[in-house]
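Below you'll find the structure, written out as structure tokens, and then a few comments.
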2 protein chains.
Amino acid sequence: MSSGKILVAQGGGPTAVINQSMVGVTLEARRFRNVTRIYGALHGVRGIVNEDFLDLTQETSHNLELVAATPSSALGSTRDKPDTAYCTRIFDVLRAHEIEHFFYIGGNDSADTVRIVSEQARAAGYPLRSIHIPKTIDNDLVGNDHTPGFPSAARFVAQAFAGANLDNAALPGVYVGVVMGRHAGFLTAASALGKKFPDDGPHLIYLPERVFELERFLADVKAAYERYGRCVIAVSEGVHDAAGEPIITLLAKEIEKDAHGNVQLSGTGALADLLCEEIKSRLGIKRVRGDTFGYLQRSFIGCVSDVDQREAREVGEKAVQFAMWGNADGSVVIRRMGFYSVDYELLPLDQVAGKTRTMEDEFISESGTDVTDAFRLYLRPLLGSGMPDAFRLRGARVDKILAR
Amino acid sequence: MSSGKILVAQGGGPTAVINQSMVGVTLEARRFRNVTRIYGALHGVRGIVNEDFLDLTQETSHNLELVAATPSSALGSTRDKPDTAYCTRIFDVLRAHEIEHFFYIGGNDSADTVRIVSEQARAAGYPLRSIHIPKTIDNDLVGNDHTPGFPSAARFVAQAFAGANLDNAALPGVYVGVVMGRHAGFLTAASALGKKFPDDGPHLIYLPERVFELERFLADVKAAYERYGRCVIAVSEGVHDAAGEPIITLLAKEIEKDAHGNVQLSGTGALADLLCEEIKSRLGIKRVRGDTFGYLQRSFIGCVSDVDQREAREVGEKAVQFAMWGNADGSVVIRRMGFYSVDYELLPLDQVAGKTRTMEDEFISESGTDVTDAFRLYLRPLLGSGMPDAFRLRGARVDKILAR
């Protein structure tokens, strides 16, 4: 390692804490005397191929700390999914700038990019150290107890459902909240942590790990509505039928696909509106309301888990330490060591790249429409300190006079 | 005043601080030695006609404080809009229970209910003191500088747009956020307080106080997109064409109407989806995303203005003081006395009841798609302390090598 130049970039959907990881890399790297420059690529891998670099070595530590506490990707992000030719171009740029450490903060697609770049460097005999730093609100990276960004998004979802439940209790009806998560239901399941009293919502939770049947759904809603006089429902945007067809395609005529070949599930209220329409027309319930949490759940400024902030910072720091003191490329993973404590390891890239974790069966109730206590214990410490709490009046009922 | 029985109830849409007012009434009333009982009606006026009362005198002060800090209406709410016959029934129940003080926390419909009940009591010679306590996230009560509930909802909207702007900067495109507010644009305008740097979003704000023209809208979006490479847009759910027809009805085939004869604007993502579709198809912009803030903006637990909490408590306390030491029914209003300080007055009910305030012209920019500095100065102190802030990297650009 001779040039001492480091490159860090951010890929995929932003999170509330992804800047913590970028700042973790930057500040930790500056502690190593062999590091001369720390570059940040603008808009992820696209910024690498375009050579759009910021010199982060010229940032003040004070501003870096303020940026760390700011949500979304301060370097910008991208949805580009590099193929091998794209990765070759990445590698060419890294070599031209004599960059010998490459840190990419992202999800499983980003891990795959790091894997290919790492292989090309090895094949070319170029001394590049490539490290993938985990990030995704979907919590769908294998090898990790959980991923940075998920706890803060989960906290938003839990707080949103805690509030929606209170609103629904004040003005009873059916409330459908649609939550992000294409394949993994972790974020939707986090709605369960917004529940305090036994009759609180969410009364029903629909995850992409279970087949969604409209008739079964309507029967569930009817039963809950009859039992509680109201019903709060959490639905993953990724719910699908037995054939794997997303429920949203039942409605959407024209489906936008992104470069990854994925159907657009976010940024539209169609799924919530479809389900509300079914509940109104089929069950004859009048007050039915649907919200799609959309980008609020990953971008809202001012709803963050302090545990998530700390860990996102640490995976950035550890990535640098693994790069400097280790002898292998890899993906930083979070391991749970206690209730609650974590440690970090470096896994080979091919054990993480391009793979998708979904919710384990032990986290999903027998009914398929709730989570288990194992999931509650898993998630609660991640939400961090200062979770807002909901309280009820306990006042005694007054005897009726006229209607006696 | 002999029976010493007080009734408090909550009407209309819940807010983050409406329980502060209810607890303000309850705790302040207990300081008066002539008060024997404080009843809370369940689900607003409907709870009165059904004689569904809780005895709040049997609540502990500790639990009342916890409930005060909990969003949504702890007594439950209602959308019932009482006609004169309904008000007669209310009055009959108040008389049967020997209730001699009636406090109703709500918007302009609730003020109208209090007005009719007050008139009926006077006509019947029954010694009832009726006080309306202001509450609405729409900020559309006349006579008030602002209304309790609005500052916290405004804070949510400002924080949401601050985050959405960061997200949109990381992954550029067009973002449409639809905000509550049927006739008054205050809450949508609050999005402007999420803006920090000159090129931050929201770049365009559409209020119900101005006619919405689709062609003009598309031209605005195109210009902003060309200028900033992206565009963040705040749209009120109540935007309408020159004929007063809501834009959402352009899309919705079947329109649900509530008991007040109002078109359902909330609880559906249709308006955002319609606008996104127009932007995509007419402007040829690929990445266009829409969110409808829906119930999150009024129910989210954990996003509250401390100023709003304090004032909501004070209007409840003042309502009791006006009732006990004054000699007239009325509506409590908030007056701004300094930057920033408020005081409270009691206005005659007919000066508030059934009237709707909209955004003053001085708060709306000449272009009609932004707010003025007068509005920023008006709103900023209401948002309270601890507003989260966004920071940017300032790092120097690195010279290109390959693309030089």
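Cβ from N, Cα, C; glycine included.
Going by TrEMBL, these are the annotated features:
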DOMAIN    A:5-322  domain 'Phosphofructokinase'
BINDING   A:G13  diphosphate binding site
BINDING   A:N108  Mg(2+) binding site
SITE      A:K135  site 'Important for catalytic activity'
ACT_SITE  A:D138  active site, proton acceptor
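Here the features listed in TrEMBL are placed on the structure.
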residue	record	Cβ neighbours (10 Å)
A:G13	diphosphate binding site	25
A:N108	Mg(2+) binding site	22
A:K135	site 'Important for catalytic activity'	30
A:D138	active site, proton acceptor	26
Three-state secondary structure, A:N108 (Mg(2+) binding site) (per DSSP): helix
Inter-residue C-alpha distance, the residue listed as 'Mg(2+) binding site' and A:G13 (diphosphate binding site) (nearest angstrom): 12
C-alpha spacing of the residue listed as 'diphosphate binding site' relative to the residue listed as 'active site, proton acceptor', in angstrom: 10
